[in-house]
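Enquirer: Starting off with a structure, shown below.
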Amino acid sequence: MGRGLRIATIRGIEIKLHPSFLLALLWVTYYWGIAPDNGLLGVLFGVFILTAIFVCVVGHELAHSFVALRYGLTVHDITLLPIGGVARIEQVPMTPRREATVALAGPILNLIVAAVLLPVVLAVALASGVRDAYGFLLMIQGIDGASFVIHLWIANLMLAAFNLLPAFPMDGGRIFRALLTGVSNRVLATRVAVFLGQFLALALIAAGFYTRDVALPLVSIFIMLAAFVESRMIYVEAALRSLPVGQFAVWDSGGVSPDSPLSHAVLGGPRDLAVTEGGVVVGMLWRDEVLARLHQGNSLRVADVMDRDVTAMDVDSSVYDVHRRMLATGRTAIPIVEGGLYRGIFTSDRLVHVHRYLQERFGTRDRYRGLIEALGLMGR
Ligand SMILES: [Zn+2]
């Protein structure tokens with residue numbers, strides 16, 4: 001998602017303004033300047049409020065991001081759209097507890113801001129002699145400090161409330177799924193949360209028609225697309241869990257012996273190789289290490305360079321589990337055994353084949369994914 005104007009970088013996370021953010025500025029100009037006939041002062045005040053609210057939106061996304069960073073996830077960037085922020089956080093399988101913690105962090109930040117603002121809002125309301133909701137509504141029409149504080153307070157409450165709705169792709173949907181995963185499986189839990197997301201989106205479209213508000217249908221389109229992407233990622237995950245790694249491993253006749261000279265091991269071109277003794281995997285010969293040590297002469301044997309800290313996985317293990325192990329060990333290949341004996345190797349290159357295979361199975365759905373990526377709506 002290379003689009004967007006970079007406005008800041010915080011702890012390595014780029015914060016970008018999506019081109020569509022111009023719509024928000026146009027809306028502010030109309031809502032604060034033209035419609036109430038407040039002129040330039042109204043527009044400036046509107047831009048000031050918009051900026052303050054989006055500082056809170058950035059805070060919300062940074063709260064997600066900082067918790068994610070603490071769990072060792074990569075945060076790619078944060079993009080601000082007219083309808084809110086999107087933090088692109090690495091999609092890695094996590095425990096339901098961690099997933100819920102990452103999701104909760106955003107709304108909690110807005111609740112804290114709202115709690116801090118509450119005494120100010122009360123003081124301002126008391127000082128202006130406001131007695132009821134109508135007086136409150138009148139106050140937020142004004143172009144002054146009181147109106148500003150109340151707007152910011154309401155915005156933070158709404159950010160928290162909206163994001164806590166138990167529907168994908170809102171944070172509440174993730175928390176809801178994490179809770180459901182405890183009592184059900186992840187795919188079913190996701191389906192329920194996605195269904196609620198679609199229901200909510202339809203409700204927003206209906207509300208948009210009823211109130212003649214264009215923002216609501218726009219938000220609902222965003223919700224539907226994001227829910228779709230989320231459900232697809234979960235189906236891919238479920239598919240990866242059902243595919244045995246044996247179906248995609250590269251079959252190998254026997255690996256190299258620990259006693260072979262290192263130079264023999266690179267005869268077929270440098271690559272990650274399994275080291276076996278009597279058919280049993282005893283280590284791995286990593287391509288990079290071989291290349292780094294080849295110049296040390298011909299006296300080196302495979303046993304001198306091999307990595308003995310290697311776990312092989314069974315042919316019946318799922319591609320999903322093998323991939324997780326690769327991520328956990330930070331290695332690009334894993335030896336595959338059958339009945340305890342070496343049969344072949346699964347490398348990160350093979351993952352491309354797995355995804356191609358899945359793409360054929362899921363077919364045209366990927367067109368939508370392209371559309372969503374183009375819109376820059378991927379992420380959380
Ligand atoms: Zn959030």
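Cβ atoms here come from the backbone N, Cα and C positions, even for glycine.
Note: TrEMBL annotation is automatic and uncurated.
On a predicted model such as this, the values are computed, not experimentally measured, just so you know.
What TrEMBL shows for this protein is this:
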TRANSMEM  12-33  transmembrane segment
TRANSMEM  39-60  transmembrane segment
BINDING   HIS60, HIS64, ASP171  Zn(2+) binding site
ACT_SITE  GLU61  active site
TRANSMEM  102-128  transmembrane segment
TRANSMEM  148-168  transmembrane segment
TRANSMEM  188-210  transmembrane segment
TRANSMEM  216-235  transmembrane segment
DOMAIN    306-361  domain 'CBS'
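Give me the structural setting of these features: burial, nearby parts and distances.
Expert: DSSP gives HIS60 (Zn(2+) binding site) a helix state. The C-beta environment of HIS60 (Zn(2+) binding site), restricted to residues of the same chain at least 6 apart in sequence and closer than 8 Å, consists of GLY85, GLY106, PRO107, LEU109, ASN110, LEU159, ASN163.
Around GLU61 (active site), a 10 Å sphere centred on its CB holds 27 further CB atoms from the protein chains shown.
Non-local neighbours of the transmembrane segment (188-210) in the same chain are 165-170, 173-174, 176-177, 180-181, 216-217, 219-221, 223-224, 226-228, 230-231, 234; each lies 6+ residues outside the stretch with a CB under 8 Å from one of its CB atoms.
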Enquirer: In Å, rounded, how far does the Cα of GLU61 (active site) sit from the Cα of ASP171 (Zn(2+) binding site)?
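Expert: Cα to Cα, GLU61 (active site) and ASP171 (Zn(2+) binding site) are separated by 11 Å.
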Enquirer: Using DSSP, what's the helix, strand and coil tally for the domain 'CBS' (306-361)?
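Expert: Summed over the domain 'CBS' (306-361), the classes give 25 helix, 17 strand, 14 coil.
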Enquirer: What same-chain residues lie close to the transmembrane segment (39-60): Cβ under 8 Å, and 6 or more beyond its ends?
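Expert: Contacts of the transmembrane segment (39-60) (Cβ under 8 Å, skipping residues fewer than 6 from its ends): 15, 24-25, 28-29, 31-33, 78, 80, 84-85, 106-107, 109-110, 113, 143, 148, 151-152, 155-156, 159, 163.
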Enquirer: Taking all residues of the domain 'CBS' (306-361) together, what is their mean pLDDT?
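Expert: Residues in the domain 'CBS' (306-361) carry a mean pLDDT of 83 in this prediction.
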Enquirer: At a 10 Å cut-off from the C-beta of ASP171 (Zn(2+) binding site), count the other C-beta atoms across all protein chains.
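Expert: Other Cβ atoms found within 10 Å: 25.
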Enquirer: If you draw a 10 Å sphere around the Cβ of HIS64 (Zn(2+) binding site), how many other Cβ atoms fall inside it, taking every protein chain shown into account?
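Expert: Counting Cβ neighbours of HIS64 (Zn(2+) binding site) within 10 Å gives 27.
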